[in-house]
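For 24-35, the entry in TrEMBL reads compositional bias 'Pro residues'. Annotation source TrEMBL lists domain '1,3-beta-glucan synthase component FKS1-like' at 171-287. The region 'Disordered' feature in TrEMBL is assigned to 1-36. Per TrEMBL, transmembrane segment is recorded for 323-342, 354-371, 391-414, 435-461, 557-587, 1343-1367, 1481-1500, 1512-1534, 1618-1639, 1651-1672, 1679-1703, 1723-1741.
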Amino acid sequence: MNLRQRPAPTWVAGGGAYGHVPPSIRPPPPPPRPTSKPFNIIPIHDLLLDHPSNQYPEVRATACALRAVEDLRKPPLCNWDDTFDLLDWVGLFFGFQNDNVRNQREHLVLHLANAQMRLNPPPQNAAVLDFSVVRKFRKKLLSNYSSWCSYLWKRNRVRIHPIRRTPIELRRELLYISLYLLIWGEAANLRFMPECVCYIFHTMANELNLVLDNHIDFDTGRPYVPYCFGENGFLDNVVRPLYENVKYEVGLSCGGTRPHSAWRNYDDLNEYFWSRRCFKSVKWPLDLGSHYFYTARKGKKVKKTGFVEQRSFWNVYRSFDRLWVLLVLMLQVMVMVALEGTDFPWQALERKDALVKLLAIFITWAALRLLKSIVDAGTQYVLVSRETLCVGFRMVLKSAVALGWIVVFSIFYARIWIQKDKDGGEWSDEANRRILLFLEIAFVFVIPELLALVLFLLPWVRNLIEEANFPPIYWLLWWFQTRIFVGRGLREGVVYRTRYTFFWVAVLVSKFSFSYFLQIKPLIEPTRALLSLKGVKYRWHEFFSVNNSNRTAVVLLWLPVIIIYLVDLQIWYTVYSSIVGGAIGLFSHLGEIRNMWQFRLRFQFFASAIQFNLKPEDQHPTEPVITLLNKLKDAMHRVKLRYGLGQPYRKIESSQVEATRFAMIWNEIMLSMREEDLLSDRELDLLELPPNCWDIRVIRWPCILLCDELLLSLNQAEAMANDSDRRLWSKICKNEYRRCAIIEAYDSIRYLLLHRVVKHGSEEHSIVTRVLLEIEHYATIEKFTIFYNLTLLPQIHRKLVTLVGLLMDPKRDPRAVVGVLQALYELTVRQFPSVKRTMAQLREEGVAPKDPTTDGVFLFEDAVELPNSEDVFFYRQLRRLHTVLACRDSLQNVPKNREARRRIAFFSNSLFMNMPHAPRVEKMMAFSILTPYFDEDVIYGSTKLQTPNEDGVSILFYLQKIFEDEWMNFMERMRREGLEDDRDIWTTKAKDLRLWASYRGQTLSRTVRGMMYYYRALKMLAFLDSASEFDIKTGSQEIASQGSLNNQSSNGASLLYKGHEFGIAMMKFTYVVTCQVYGIHKMAGDPRAEDILFLMQNNDALRIAYVDEVHLGRDEVEYYSVLVKYDQQLQREVEIYRIKLPGPVKLGEGKPENQNHAIIFTRGDAVQTIDMNQDNCFEEALKMRNLLEEFNTYHGLRKPTILGVRENIFTGSVSSLAWFMSAQETSFVTLGQRVMANPLRVRMHYGHPDVFDRFWFLTRGGVSKASKQINLSEDIFAGFNCTLRRSSVTHHEYIQVGKGRDVGLNQISMFEAKVASGNGEQVLSRDVYRLGHRLDFFRMLSVFYTSVGFYFNTMMVVVSVYAFLWGRLYLALSGVEGIAVEKSSNNAALGVVVNQQFIIQIGIFTALPMIMENSLEHGFLRAVGDFIRMQLQLASLFYTFSMGTRSHYFGRTILHGGAKYRATGRGFVVEHKKFAENYRLYARSHFVRGIELGVILLVYASHSPLAKDTFVYIAMTISSWFLVISWMMSPFIFNPLGFDWLKTVYDFDDFVSWIWYGAGVPSKAERSWETWWYEEQEHIRSSSFWGKVLEIILDLRFFFFQYGIVYQLNIASNNTSIAVYLLSWIYFFTLIGIYVIISYAKQKYAATEHIYYRLVQFLVITATILVIIMLLEFTKFKFMDLLTSALAFIPTGWAMILIAQVIRPLLQTTVVWDTVVSLARLYDLMFGMIVMAPVALFSWMPGFQSMQTRILFNEAFSRGLQISQILSGVKSHAEQPVLVDVSDLNTISPMFKEKSGCSTSS
């Protein structure tokens, strides 16, 4: 609930005036008066309506300009009305829907009116629409269309004279604008196809020209009528056929399970219009017989357009081939140089032989080109058709040319060495000539790269060539790249190009230096040693190492090193980006105010900073030179503000108006925090800036700044009692707050005595006046220390404190007041002066009673007049005076709430950062906010809040403990608002309680409240913009006179609003929440619909857009985009627009299509995309005007079209796990994106608070892409699209938006899986491919390592672990390692050398961005402390576990697909997750992989000679064991009650029940293992042939266990014959046979003839025992062989199961499949037991549960939270969740007590 009551506004139109005020405290609504139509923002249908927006002449001017239709030909067969305008005229002629016309009319009027308001200088006549405004808008709106026409060499259909500015030209401009907006407004899903929309506009603009020219149709002989003329003609004849085509293609995808190459997505259908063939094929009217439409294909295979998304790992190489060419060639060079054996590489290059050997890199280079051409052909052959034969020809030609280069280089390279051999090993002249010839050929080969280098150095030339639409240029570039509409002219300017070039040069130099000296060179000697080993006797039958050359061992030795060599550039990028990001943040002045102490130091400059940044300046046209000077002036001013040069606060002090303006802004910020319950009432009093009153001469700083300053000054005065006045005052004035405290205290006491306590006209009043004048006189002439005894000041101070305390006492004892006044009189008159005066002297000077007879009578007995107890304003000031006088505490803990402290620190710091100047609200850019919503929580219901979970913890109880201080503030507010008994809160304040809880979750209500702060801020800023000095002065007094919070009165600037503030705020801001299923919720009576209506009712600027489904019968459904609002006049929800759709909205990905259907209802120049788990605050909303001005600033060559905004993760304080996730996300959204934007220039859009140039994006496909599956990470594609279309993205950190993240491990893992899967799909996308090829080399590197490269390299790190361990296993089992150890001492450390790749897993480098950003914003010591604390709380386990999640889902998506949206729930996580649930989620991604690595490590430990040396073994495998522990134990370490014994027992029973749940019985995966098992295979079923083949190849690795181990068995007797391995399969199939026999017997006899089942068991057991006895007797078999053979045959069985899953279509109909399912069940049971064993052990051991709880909730413990109560689930608390323990109140600081927040002197 808001704390203020707004006076009844002067208008009652649909916008309403009660933005935040609940209905319970609103005045009764005025009687409704009839209005013609509901409207959205401005009533364009009735410009005479009493509405604030109608007072602006710009609105009327635009509306009048649209009425210029008198001389236009009227549409036939229509009832023309005189009130119709140009949009009606276009709508009738072209068959647009009426509500589409109404919507776009308001859209156009609002935009043009806002644009005219921003004109600088303003037009002479604001009542006439300025021609330049319309033309500028038309050029921007149709800029993409104009580029499209130029690209296709088509004449632009917009016929506008470039110079003439007549009314006719103005009307034409408006007609073209209207036509495009109406097409866009009704295009539905076609809005994702911008060039398709261009094609539609192109043809319809031609028809518009024919109509305007009164063209006669030759077929009818009548005036021309457009093709889609008639009711809903555009929808039925244009949109629907194209929509049905999209829908059909999406249907071919079978929900995204079919390969992308089998169907056309949005991009394919749009890129068809990048070719001139669209005019011949699609035609106009649309030719449904064209092969573009599905209706004409008749079963023919789909032909993709421009690009084919083939699922393959080769896409990583294909898209970023320049990177891999560099890495491979440098690897070859470093190996060749290292083989020379010199200490340094440059020494090797002095040898001519070495230099000539390096020429072999050209052969490798040509081979890589051949590989690239083959990969291109293999993935893009689908594009080749009869129309695109040149594409196929180029593929073949490129392969042939690359192959030719290989042959040429090989021949000429061989000729060099042949000639040298002929010459006896000397370099003869002929040999040198052959070298020169080779170099000449190589020069021809590298000409394309040399041209690319030249064009990189001259980017304007490259941009000119690529942007030129000239056929010879096409032919010139045909060989190098395909001509496409996007991706041209992407080069950056000199400054940015230089920055990111130096960045990457430094990274590459560091990487290659490290790789040479610490990766490549150390392996040369071990490699030579292995190759030189002779007589190696392998322990098995060796196939590959012929003649004992050990080449297989060498390959396995080098493989992990090469993998790390290929991926460790990611580490170097991380290191350098952390350093550069920290430096940029430092120079951006981030973190200069980190805490409240630093805030206090800077607050004296705060008012000037707010004035400088938030107060608009008059804008005048300036010349460039003046602009440069203004920038320099601004920079100097900011330096002065930042460091207090020139004491700018003195200027504020001299201007009471500016001081009052600052106080109004500051107090509104504090009030908003109080409304959010971040502050208590007492803290609000301590933090607010009171108005200037009581004749106080200085700024009245907040009490927290003045707290103990007066007492300190008294101590100074007492210590310097004998010094001069000037010296004493100079020392006091060094502290501004101390000076102000002294003056304010004196002025307040003076006013109190003379005007409120001592009766005016009495003799005592005269005496007091004379005493004060005497004090002021001596202070003025600087003789105060001479005339007065300053050692008595503490006594006077104590009396004054006592006096003020008595005045505050409700008992109001006049006699006590008189006594204190008399004592004060005695002190100040008799004792305080240094020179004692007689009574006669005192009477003569007027400071004693004139009548001598009154000497024995008390003064003031009849002269005291106590103030009225109802004077609330007086007592507020009196409490402040008491605080200033009596406070002995520094109040460092005010405010108590950590979030309030963080917000105050960030806001104050941001005002000293560089930001554009704020314009007036009238001249700011208008903007909208768009939030997609599906079916998440809106407001928590009472039942949900009170219902305890299985551990006995309710959400409300949890929130009370997590946000304990906020709960106490909330209860304090409720008591002030009338709550008498806390137990009645559910009956009297239920809505407030639900809102309080919802504002602490990730709910829609929290997001709406946060975003509506923009509306509130704009209203306040609009008032301050237009307020006069008189308004501000009197207004502040009026606000203060409303009383204090303690009397339930309201405060705030809204009391002063005059009415126009609401109108201008509505014109500048709109909030649209696209609640897709709101209509369904309403029909179903869902409580969420009522909650959404409540939000609309209490937020004027909120609009709800939803898709309405109208069922007409016979399965016929019509779909509409509907916009509704709450009408404050009618007191109900009203429908504003209803626009019919061609079909269901959701065809591809749901979220972008939900955004797309509602984006037509947004307004303004910009749109901010906000997710439903975000928040905002009032103080940040104040800076939105500044942020929007960034759109007018050039950043490099271009103005930005996306403004990146930093996020504050507000979920980091819940638990340690949430803190880890918050730290990781914070480093990305701050430092990471800071570096991406500058210097790398590759920041994209990552989904949440970014602000878009709305008109730029609405004409280029929208704010996201929506193709099924490929655009799973839909947001980032807006950034890709922005970059490819020659625009830029910036990042700004002086403003931030709140963001919620997942707080439980399972939630986090699902989120990571979604993002990793999305990146896997990005690898296949055309956007990533084009960025990899169209950007220059260094920006390409930036794109790769900041997007898909991060996930690819993470996966490769895991692959390197596998390569390392499998390689070590090979060396150990083969016997090579043992021989190497015996014959070479150097090889003993072989494992340590190879182990260097695991530096990645240590987490130091990956944690570096977190440490750097934390150091920047919170200080280095705190950053180091936080890092150490994170490690102690096992953060490395979490990050390693997350690495496994990312690598699994990224790799699986590329290999098989199956990417899908995973809802995480966004709820609170305090309940225990069952073992079965964790197993379902992590079995395939972590547990099985961890068990595999663990088995490898155990086998290696038992067979490796290096394992005998404990240190070597530990050093070699510690990182691998850490990985195993992390993957297997993290789900339980980070699971509440994860090591509780009873929970473990119950989890085991539940897991076993889940495993054996009714085999074959259909059920959900949560209940049945079999259902889950089949679901886990879905990605394989939809995989391609090559994906399945690769999966089988990867599964073959498990057979190596059997091959390697059977030769180690005692029964093998060191026999290395292949027969040993073949015979082992007999044992394996025997085991399978035994299992099948027992299973068959159980199935047939166990239930009916149990004796036969037991007989079969007996025979099998007997036979098995006999076989074992025979083996023991006749062979060297030992019992240990049983355990060892289990390690051999169990992996083989698992491999068989995995392969069977791949070939499931072949086996499912056979009897074999049942056996596979049964075995798979046993394997999962076994895996579950292995994982649960350590969990059960730790649960049984005492102390581990409390330790785990401490680790998981350490952050909460440090804040004094009662987690033990939460986890134990005390029932009494669950039943009474809102009662506050009285004992808790004792923990409140004394500052919260009723009268004063400070201790007083006795």
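Cβ atoms here come from the backbone N, Cα and C positions, even for glycine.
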Secondary structure content of the domain '1,3-beta-glucan synthase component FKS1-like' (171-287), with strand meaning DSSP E or B: 77 helix, 2 strand, 38 coil
Feature contact check the transmembrane segment (323-342) with the transmembrane segment (435-461), CB under 8 Å, 3 or more pairs: no
Positions whose Cβ lies under 8 angstroms from the transmembrane segment (1343-1367), at least six residues beyond its ends: 316, 320, 323, 556-557, 559-560, 563-564, 566-567, 569-570, 573, 1232, 1236, 1240, 1242, 1244, 1276, 1316, 1319-1320, 1322-1323, 1328, 1331-1332, 1335, 1394-1395, 1397-1398, 1400-1401, 1443-1444, 1446-1447, 1450-1451, 1493, 1496-1497, 1500, 1520, 1523, 1597, 1600
Non-local residues, at least 6 beyond the ends, that sit with Cβ under 8 Å of the transmembrane segment (323-342): 317, 348-349, 351, 354, 357-358, 360-361, 364-365, 368, 512, 515-516, 520-521, 524, 562, 565-566, 569, 1340-1341, 1344
For the transmembrane segment (1679-1703), sequence-distant contacts whose Cβ falls under 8 Å of one of its Cβ atoms, 6 or more beyond its ends: 1492, 1495, 1498-1499, 1577, 1580, 1588, 1591-1592, 1595-1599, 1601-1602, 1604-1606, 1608-1611, 1624, 1627-1628, 1631-1632, 1712-1713, 1716, 1719-1720, 1723, 1726
Segment-level pLDDT (mean, integer) for the domain '1,3-beta-glucan synthase component FKS1-like' (171-287): 91
For the transmembrane segment (1651-1672), distant same-chain residues with Cβ under 8 A (at least six beyond the ends): 1611, 1634, 1637-1638, 1641-1642, 1644-1645, 1678
